[in-house]
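Please read the structure below before turning to the comments.
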Amino acid sequence: SECRWFMGGCDSTLDCCKHLSCKMGLYYCAWDGTF
């Protein structure tokens with residue numbers, strides 16, 4: 001399955017594209033601070 005981009009809905013960080021993490025409680029992908 002395709003990864004979720006910035007602000008995409010997610011259930012876990014595994015749903016998000018590289019350098020993004022799922023923000024728990026908000027359930028969207030956001031930058032995880034890595035390059």
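Using the three backbone atoms N, Cα and C, a Cβ is placed for every residue, glycine included.
Looking up Cys29 in Swiss-Prot gives a disulphide bond whose other cysteine, out of Cys3, Cys16, is Cys16. When Swiss-Prot is consulted, the disulfide partner of Cys22, picked from Cys10, Cys17, turns out to be Cys10.
Counting every protein chain shown, the number of other Cβ atoms lying within 10 Å of the Cβ of Cys10 (disulfide bond) is 21.
Shown are the disulfide-bonded residues Cys3, Cys16; of these, the residue with the fewest other Cβ atoms within 10 Å is Cys3.
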